[in-house]
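**Q** Sharing a structure with you now.
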Amino acid sequence: MAEFQEISKLSALHPKPAGLVLQYGTSGFRTNAKQLDHIMFRMGLLATVRSKKTKATIGVMVTASHNPEEDNGVKLVDPMGEMVTQDWEEHATQLANADQEDLLTALKNIIEKEAINMSQEANVFVGKDTRSSSASLSQAVLDGVSALGGHNYGLVTTPQLHYMVCCQNTQGKYGEATVEGYYTKFCQAFIQLTKNTSNRTDDQKHLCLDGANGIGALKVREMESHLKKELQISLNNDGSKGRLNHQCGADYVKVQQKPPTGVKINPGERCCSFDGDADRIVYYYTDSEGTFHLLDGDKMATLISTFLKELLTQAGLNLKIAVVQTAYANGSSTHYLENTMKVLVRCTKTGVKHLHHVAQEFDVGVYFEANGHGTVLFSKAAEEKIQQLAEDTNVNDERKKAALLLRNTINVINQTVGDAISDMLLIEAILAIKGMTIQQWDTIYTDLPNRQLKVKVDDRRVIDTTDAERRAVTPAGLQEAIDNLVKKYRQARSFVRPSGTEDVVRVYAEADTQESADALAHEVSLAVYRLAGGVGDEPKPLH
Ligand code: 16G
Ligand code: MG
């Protein structure tokens, strides 16, 4: 067929380096940008056949999120704005690793296996972040999509691309499939939510933002006028000078537990950081003594679920709300949610797609990873009930008010994927409505001291886990060793898991004091090193 000849011709322009093997990881392919040209072309092909299969628009986002500037990556977005399904992740890996001369066969295998009608039209939305390699790599994706009806959105945040794919496939019901439509939808909802919060001072409207020198900074600047000064953002690390994710951004702040460079922070001031593709956010402040306080995904999940639960009660709506976390959630947050807030908490494997999936089981599913990826999902039935109540003329003022707030809350949230911009607007609105400072939010519960370490091993796949990654099944003896170490400390918990994005084993430990958490993390690292084939020097104690 003519299209296959065309593919052959174009693929010669995007050759695969011999011997290179890459996996579709936790969120797509990610590595040094120099190794990705053929992957991009092939993901353009795959997105096109995925579009034919689903008879819907598919998204391709070129980004390596919080990784350094020299890396890049690519991930596929399914019709409702969610991550691509697991069987197609496998197709992606197959196609990516086919030798140059086998590419057509690999593609035809997928087409056959999925029974794809090649005469079906295709539509692919392509987005990219601000990395210098993103321009040519997204062009390689477009070459793969070639002539088949791709739409190039150019520079967008990852969640903006997810949003636009969803808008397109719901014929505009979710909003208009443009960046402008995105700003209009979320900013209008924010303004509605905050309009009756009387007496907000300029201080309360002010937010200090670290844009990680990435796409989020650019897009916040574009969005600003839509906020009508109801949120006044001082934008730092806007990409005009500094390097992407370099000593700044959500990952740096969370891992280093300190403020980003390039930002002057006044004591008590509310601050937040995005990551490089703006699908992740953390909040923080420094107190009058200069001590740094981080408010991570767990703190956001708690604030949001408390707010929603109160509104649902006021509205008299009997909807099932749950919080979805991972093993990294601080033990204090889980304890607070279950025992004080009395909300259902579920734990899943690491990675947004896993949390998203579980959150879909509830009327209201609030999901957050501690690292700041997260959002809220409302079931169709829940949205309808809220909508009906908001329009009902026979309900009392209190219920009505709660229903209207819930309706606007739904509209300020990007339900397709965790979104730093939308999460920021939601948190800002909740703090405004509750008249709460960041310090008051921080004192809802106190985090247990914790430590994360990495251990290099010969092959991290020797570690297999169960129970949402909280227990190791292999290698033999490792879990027992961890259990025995945990027993030595108070309020302690520890687990290990192979990373999905780096060639390391990750170790997490928490306990009643920082010294204990550090000691436990070290001892567990040693157990991994000894029982799971550690390479290089033995892990050293932290103190
Ligand atoms: C990716 C995931 C993130 C997860 C992280 C874990 C998405 C969009 N991103 O960045 O959710 O927390 O990987 O990394 O799913 P690790 O496996 O190296 O610990
Ligand atoms: Mg990211």
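In case you wondered, yes, glycine gets a Cβ from its N, Cα and C as well.
TrEMBL: automatically predicted annotations, no manual curation.
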**Q** In TrEMBL, the Mg(2+) site includes D275, D277, D279. Which of S65, S119, S132, S422 does it also list there?
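**A** Candidate in the recorded Mg(2+) site: S65.
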**Q** Using a 6 Å cut-off on Cβ distance, which of the binding-site residues D275, D279, N371, G500 come close to any atom of ligand 2?
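**A** D275, D279, by Cβ distance under 6 Å.
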**Q** Which one of the binding-site residues (S65, D275, N371, P498, G500) has its C-beta surrounded by the most other C-beta atoms within 10 angstroms?
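**A** Max Cβ neighbours within 10 Å, all protein chains included: D275.
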**Q** Nearest to D275 (Mg(2+) binding site) in three-dimensional space, by Cα, is which of the binding-site residues E369, N371, G500, R506?
**A** N371
**Q** Check the binding-site residues D275, D277, P498 for any whose Cβ is under 6 angstroms from an atom of ligand 1, and report them in sequence order.
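**A** With ligand 1 as the reference and 6 Å as the Cβ limit, the list is empty: none.
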**Q** Would you mind pulling the longest C-alpha to C-alpha span across E369, A370, N371, R497, P498, S499, G500, T501, R506, which the record has binding substrate, in angstrom?
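**A** Across E369, A370, N371, R497, P498, S499, G500, T501, R506, the widest Cα separation comes out at 17 Å.
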